[in-house]
Amino acid sequence: MWSVPPRTKRGPFPVGCFDVETPQNKAESVKGVLFRLYYPTTTASSKTPLAKWLPNPTFYSVGYGDFFKLPSWLSLGVFYPLAVRATIPAHLNTSLLSPSHEESLPKLPTRLPTIVFSHGLGGTRTTYSQVCCDLASHGFIVAAVEHRDGSATVASVNAYADKVRYRRVADEAPSEGDAYLLKERIKQVHFKDEEIGEVMEVLKSLDEGRDVENLMKAYAGGFDVGSFKGRFDFEKCCAAGHSFGAATALTSLSNQKRNFDCGIALDPWMFAVATDIDITKPFITIQSETFHWRENLDPIKKLLHSPHKNPATTFTIVRNTAHQDFSDFPYLFPTLSRRLKLGGSTDPHISLALYDEMIVKFLKG
C-alpha cells in the first residue's frame, strides 16, 4: 500500500503531442494504425495553446453516446458541451525537445525511453492523456494507441471519414455465454497485440527518418516529424495499458517478437490473458482498491509467484481508488464522475500524483 502527501507537480519538461494514422496495406498484411505521441517539447512550445482532450469533439461525443446507448442528439447535448472545452497538458503539433541544453530545463539524452499504451474498454487514444502526459514530462515518449478491434468507444479510420464502433461482444451470442465471450476477447487481445507491433514499426520508421504516410497530416499544421529521427531508445521500451489494455500489454510483454523490456499493467483485466502466459521481464501492476475478485486476482498471483518472475516486478494497491481513476474522467470531469460513481474517494490529483511517482520510480529504478 502507498500513502504519501499530495503532490501535483509533474516532471520538469513541457509536453507536446501529435497524431499519426497509417493506411492499410493488404498486400503487406498491414492493418493501419492510429496513435497519439506524447513527448517532451520545447519551452517555446509551452507558450502555444493546449491541445483539446477530444481532437474531433463531434465524432467522439457521438461515439461516447453510442457507448452509453444514447441517441446522437442526446449524446451531442450531454458530452459535446463538456468535451469541447476540455484540454490536456500538452501542446499539439510541437517539436520534440532536442538533446541540446535549454537553461530552464534538464538536459535530455539523445534517445528517449519509449512506452506504447493500450486503452481499456470504451477508451480512445486520449482517454489516459493525464498519465501519458505525466510520463512524457519526465522524458519518455509515449505512443497511445486507438485500437480498432471494437474495444474503443469509437475508433477513427481514414482521418474521421470512417469509424469502428464499439463492439458489444457480450450481446452477440448470449446463449453461448462465457465460452463465446472468452473466444472473442482472446481474438481482440491478439488483434491489439498486432496493432502494437505495427505501432513499433512506425516508430522505427520515424527513428530512421523514413517517410511515414500520415492520414492525419491535414490536422498536423505542417508539423515536421524530423525531430524524432534518432530519438527513440528501443532498448528501453515498455508495454503499458489499463484494464483490457493492461491485458494487451502483458500479452505483448510476453511476445518475444515485440522486444519490450518491461511493462505497466494498471488494473489488468485478466479474463482474456492466456492461462499459460509466463512473463520473465519486469512489470509493475497497480491495482485500485475496488477492482478485485478471485477469478481476476488468481492469474495475477500466478504471475507474481512464477519461478521465472523478474525480481523487479512490483505489485501495489492504492487505497480509496476505483477502476476509472487511471483514466482522465475523474480529473477532467470531477462532478460528473462523482455522480456516476466512476472514481474513488481519493482526490484525482492525488491519485494521478501517486501513479506518476510509482511508475516513474519503477521505470527509472
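Backbone N, Cα and C atoms are what each Cβ position is placed from, and that goes for glycine too.
TrEMBL labels come from automatic prediction, so no person has curated them.
Because the structure is a prediction, the values reported are computed rather than measured.
Record features (TrEMBL):
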- Ser243: active site, nucleophile (ACT_SITE)
- Asp267: active site, charge relay system (ACT_SITE)
- His323: active site, charge relay system (ACT_SITE)
Can you tell me how far the Cα of Ser243 (active site, nucleophile) sits from the Cα of Asp267 (active site, charge relay system), in Å? 5
Ordered by sequence, the long-range same-chain Cβ contacts of Asp267 (active site, charge relay system) under 8 Å (at least 6 apart) are His242, Ser243, Ala246, Ile286, Gln287, Ser288, Phe291, His323, Phe326
Cβ neighbours within 10 Å, counted over all protein chains: which one of the active-site residues Ser243, His323 has the most? Ser243
